[in-house]
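What TrEMBL records for this protein:
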type : residues : note
SITE : 15       : site 'Transition state stabilizer'
SITE : 22       : site 'Transition state stabilizer'
SITE : 153      : site 'Positions MEP for the nucleophilic attack'
SITE : 209      : site 'Positions MEP for the nucleophilic attack'
Ligand SMILES: Nc1ccn([C@@H]2O[C@H](COP(=O)(O)OP(=O)(O)OP(=O)(O)O)[C@@H](O)[C@H]2O)c(=O)n1
Ligand SMILES: C[C@](O)(CO)[C@H](O)COP(=O)(O)O
């Protein structure tokens, strides 16, 4: 299977509130970004990777990849855009593989098993995303904080990345999304908007997105637990 990865890594991490963007924070001895990239670069189905970074960080990220001895012949760096959707679209222009995985730089706990299963399902349907059943009760609330309803939890899944697509489908979805002015918080939304089916692969709760400060504490605990000899 000819598969490449787009890693949007151009965010500023405002909700994390750290002095540096969260993808560069230390996670038990290596930057989060490096830990995330290693998972894909070590997977046998992945031949290429394009990293979308903030335009002021292209040189420093390139140096970081060299410092951690990542295989540079597989990794290209490009300038991201103002929103995640723009960063993914720009990185997509640099990737020519038949299949594309999109994965947030700040989800370091994705596994090889999940990547492999997503590729199998995407090949069947054209698009597959990792997701987990929602654990909380989800309410709709007005801007004034009045509850207007409660959603049926058994039908709700929290979507993660990786999200895997046939490249031609993803490019078309992004281009239509741009034409219609859709603001999508994930890539599958753009594919869904074309009426194209998307398959869910059940993931696990540890593949969460590092977003707020307490997530770093949880991430360190998970990393240490996974590194313990069995
Ligand atoms: N213009 C942007 C914004 C986000 N991202 C990336 O998209 C992923 C998920 O986004 P999010 O968690 O929202 O990251 P930030 O935008 O950095 O966070 P915040 O919204 O708190 O500022 C991250 O890997 C982030 O670097 C990106 O490539 N380009
Ligand atoms: C793509 C994503 O990680 C799926 O959960 C998420 O939607 C990104 O959202 P954010 O607005 O960039 O935090």
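Using the three backbone atoms N, Cα and C, a Cβ is placed for every residue, glycine included.
Shown on the structure are the features that TrEMBL records.
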residue	record	Cβ contacts under 8 Å, 6 or more apart
15	site 'Transition state stabilizer'	211, 212
22	site 'Transition state stabilizer'	11, 13, 16, 32, 106, 210, 211
153	site 'Positions MEP for the nucleophilic attack'	134, 137, 138
209	site 'Positions MEP for the nucleophilic attack'	104, 106, 107, 160, 161, 215
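Checking the recorded sites 22, 153, 209 against ligand 2 with a 6 Å cutoff on the Cβ atom leaves 209, in sequence order. Look at residue 22 (site 'Transition state stabilizer'): DSSP puts it in a helix.
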